[in-house]
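J.: Submitted below is the structure of interest, expressed as structure tokens.
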Amino acid sequence: MNPTETKAIPVSQQMEGPHLPNKKKHKKQAVKTEPEKKSQSTKLSVVHEKKSQEGKPKEHTEPKSLPKQASDTGSNDAHNKKAVSRSAEQQPSEKSTEPKTKPQDMISAGGESVAGITAISGKPGDKKKEKKSLTPAVPVESKPDKPSGKSGMDAALDDLIDTLGGPEETEEENTTYTGPEVSDPMSSTYIEELGKREVTIPPKYRELLAKKEGITGPPADSSKPIGPDDAIDALSSDFTCGSPTAAGKKTEKEESTEVLKAQSAGTVRSAAPPQEKKRKVEKDTMSDQALEALSASLGTRQAEPELDLRSIKEVDEAKAKEEKLEKCGEDDETIPSEYRLKPATDKDGKPLLPEPEEKPKPRSESELIDELSEDFDRSECKEKPSKPTEKTEESKAAAPAPVSEAVCRTSMCSIQSAPPEPATLKGTVPDDAVEALADSLGKKEADPEDGKPVMDKVKEKAKEEDREKLGEKEETIPPDYRLEEVKDKDGKPLLPKESKEQLPPMSEDFLLDALSEDFSGPQNASSLKFEDAKLAAAISEVVSQTPASTTQAGAPPRDTSQSDKDLDDALDKLSDSLGQRQPDPDENKPMEDKVKEKAKAEHRDKLGERDDTIPPEYRHLLDDNGQDKPVKPPTKKSEDSKKPADDQDPIDALSGDLDSCPSTTETSQNTAKDKCKKAASSSKAPKNGGKAKDSAKTTEETSKPKDD
């Protein structure tokens, strides 16, 4: 295609690109109506020639129309390929029919020829060239596609399109594709496998198969029935064997053809050779006379009688349905009256209860031995039960009673578990040996559980019993372990009598010796006046009476150079400050009473809450309104501090180590009892927390005897 030819095409015809989809429909109409529209084409061609010069400068002014046309051509590419191919076929016919009248027609025809040339010259692989050439060439034919009735409308549209500019021509449109031809060699063809069917077997392979099987040509259809000889050969093939001869070649061929008909080609190839060898062996051994004799023994084949369809009866569906028949005896109703169990009735017609079974009597040892010895001696019969019973009575007197009880169970177990000896299997066990063995056994004691039926045993085991533990309640405590309380006439429990002997009043030396054990080393036994038992009791009483002085004296003694005699003197003076021990009223009460008293919530008056509870020693302080205060302890303290260290009181020397109990040195001997008890109550209060009421009670009790 030359660039001059593309320029000669009017711009208005090039801009008719959007009408490309309608080109295929009106292609044939353009050929038929072309002679009728010669006048219109001549007029339009003149108009296009005049405005072709105006369209060229407009091509550069409006470049935006190019992408619009390119998008339309790209979307309609598939339609253009088919249309161009058809237009190329119709082009020679159009050229022959069109008369060569005017140069204006030649221009339009030249545009059509250019489109045809581009379509023909383009090769199948030139896809780019087709896209470029279709855009200017195809719109030429869109002009005469319109029918004759719409000629005025087409002219108006053409005039309107002429005002628009054409697409810019680029160098790519002028370039031609010079590369190799593009072809699509891929094609899907179905190739059948060789030998899958008989038709696909090559002729050379058929000749090889025919030679191998001994078949020269295609098998002929043998519709003849098999004779008696052939049937005999077929039946007797499994019974005979021998060397092959040339007598039975015809039967081989006929039988092989039958096999070929029934089987496929693959099975014929593998199965035919062994059949030939086998049948050659069979036919040689049998002679014709033997075959004739064998065939004569067989009768003639009788034709099967044809079935008479009239004799066949149709089965009704209703009768053919399955019916469920009850078996005899499956239900109680189906049991015949003769076989039914009739319960035994009494005179009144009530059924009689079955008699209770007699309890089996305890078997003797001899009976058990007889039962056990049956396996060893099968020929021996059972003896009468009377004979062994007499012997068991004799065995009672002979065997001692204690031995019989111990031997009874152990001997039976040994008999049951002992393995059979091989010597006993040969002969029978003599009766004397069995009797001697029975005499050595004691009498079996009757088990009380043997008489019970099995059901009762199972029920007893299956029951779940809730048993109270021993001692869980007071009722379950055995009487030997119960605590018996001694009560008086009123029913109140009596206090146990004091078993301890009342100790004589303790001297100061004894108390000092008991208290000074922790401070000094071991003393001689001659210094003590009482025995060791009384000393231990006295020490425990002193400790319980004065807890403040004893419990808090945990500090180690000073390592001084004083002698033991000085310590004894100091302890003697310290013991003088202690009062005499008073009996505790709560000491003899039982433990149960103490627990009950503690559990009860009682209101007790606090010390000093009322005037009655104030101790008499402190009442004068309230009467004097706090003016008179005890000045004696500080005066003593000041006097003692003025004394030299050598003349110091031994009580102060000992009490210096007791940091937690300084009240003993400050108080006088007259008020020593009250203050020591107060110090004990004050020391117990922070430890026990909520036990201040009990301490107040003790102070009240100590104050009352003083008032008396």
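Along the chain as shown, the residues are counted starting at 1.
Heads up, the Cβ atoms here are built off N, Cα and C, so glycines get one too.
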J.: According to Swiss-Prot, which residue out of SER71, SER188, SER527, SER549 bears the annotation phosphoserine?
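T.: Comparing SER71, SER188, SER527, SER549 with the record, Swiss-Prot tags SER527 as phosphoserine.
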J.: According to Swiss-Prot, which residue among SER12, SER133, SER297, SER395 is annotated as phosphoserine?
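T.: Of SER12, SER133, SER297, SER395, Swiss-Prot lists SER133 as: phosphoserine.
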J.: So which of SER85, SER256, SER364, SER660 shows up as phosphoserine in Swiss-Prot?
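T.: Annotation hit in Swiss-Prot: SER364.
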J.: According to Swiss-Prot, one residue in LYS32, LYS473, LYS500, LYS697 is annotated as SUMO2 cross-link; name it.
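T.: Checking Swiss-Prot against LYS32, LYS473, LYS500, LYS697, the SUMO2 cross-link entry points to LYS32.
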J.: Cα-Cα separation of SER364 (phosphoserine) and SER575 (phosphoserine), in Å?
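T.: Given the Cα positions, SER364 (phosphoserine) is 89 Å from SER575 (phosphoserine).
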J.: Looking only at the repeat 'Inhibitory domain 3' (446-499), what is the model's average confidence as pLDDT?
T.: 73
J.: Please report the number of other Cβ atoms within 10 Å of the Cβ of SER364 (phosphoserine).
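T.: Here the count is 20.
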J.: How big is the gap, in Å, between the Cα of SER516 (phosphoserine) and that of SER366 (phosphoserine), rounded to a whole number?
T.: 87
J.: Neighbour count first, Cβ atoms within 10 Å, every protein chain included; then name which of SER373, SER516 tops the list of modified residues.
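T.: Compared across SER373, SER516, the most Cβ atoms within 10 Å surround SER516.
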J.: Within the chain of SER575 (phosphoserine), which residues six or more apart in sequence place their C-beta under 8 angstroms from its C-beta?
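T.: Looking at Cβ-Cβ distances below 8 Å from SER575 (phosphoserine), excluding near sequence neighbours, one finds GLU508, LEU511, LEU512, LEU515.
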J.: According to DSSP, how is the repeat 'Inhibitory domain 2' (304-356) divided among helix, strand and coil residues?
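T.: Secondary-structure breakdown of the repeat 'Inhibitory domain 2' (304-356): 10 helix, 2 strand, 41 coil.
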